[in-house]
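One structure below.
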C-alpha cells in the first residue's frame, strides 16, 4: 500500500508540473496526426472512454474480492509502469492535441498550491469526469495503460472458460482506445506507445514471475537486476492459480449459486 500511494502521488505531482510547462497553443499549434486529422472531434467521447475504464475496474475489483490468492496477483507491474513513464513526460512535452481542448488554469504559484492541486488530481483518479483537466502529459497515454492493464489482469486471473467475459473486456479495451482518439485527447503515437509498452511489460513481468527456476535458483542476480520484482515476487511459487473463495460469511445457498458461475 505504501508503494501504491507513493506511485499515485508522484504521478499526480508530475501532472501538475507538466501542466505548467505545456507549450502555448497560439505559438505551437497541434502537430499533424493522420488519425486525428481524419476522425471528427466528439466532445463526449473521452467521458465514454472513462466510463469503459470504470466498468473494467469494477469487474477487476469483483474478481479480486472473490480470488483466493488476491494478495499474490502481480498488479505491481502497473504501478511501476506509471511512475517510470510519467517521469519521462517531464522532459518531453508536445503541443495540445486539438484546438477544441480546454485546459485548467496554470498552477503557477507556491508549491503548497501545487500539492493541493495534486491531491485533487489524486482524489479524482486523474479522470476528466472528476474535474481533472490537465494538459501536457502527452507522448504517453495513461488512460490507454489503465484500460489495457485492467483488460489483461481480468483475462489473466479468470479461467479460460470465461471467454464471453474476456471478449467483453477486449471490446471495452478497443472501444476505450477509440474514444480517446475521437475525443482528440492524445496523439495516436501516444496511444500506440502506451499500448505496446503496457502489453510487453505485463507479459514479460508475468513470464518472469511464473518462472520458478529464475526466481529460486538465481536469487542474487534477480535481486541486483530486478530489485522491485524480487521484493514483490520472491515469495510467489510459480503461476497464481485461479481459485475463488468467500472472503466473508455468506449463506450457503448464495455460495453454491455463485460458485456455479466460476466453475
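Here the Cβ of each residue, glycine as well, is placed from N, Cα and C on the backbone.
Per TrEMBL, the listed range annotated as transmembrane segment is 79-103 (candidates: 79-103, 229-253). Listed ranges 142-161, 162-181; the one TrEMBL annotates as transmembrane segment is 162-181. Looking up the ranges 25-42, 115-132 in TrEMBL, the one annotated as transmembrane segment turns out to be 115-132.
Each residue of the domain 'Sphingomyelin synthase-like' (134-207) gets a DSSP state, and the totals for helix, strand and coil are 55 helix, 0 strand, 19 coil.
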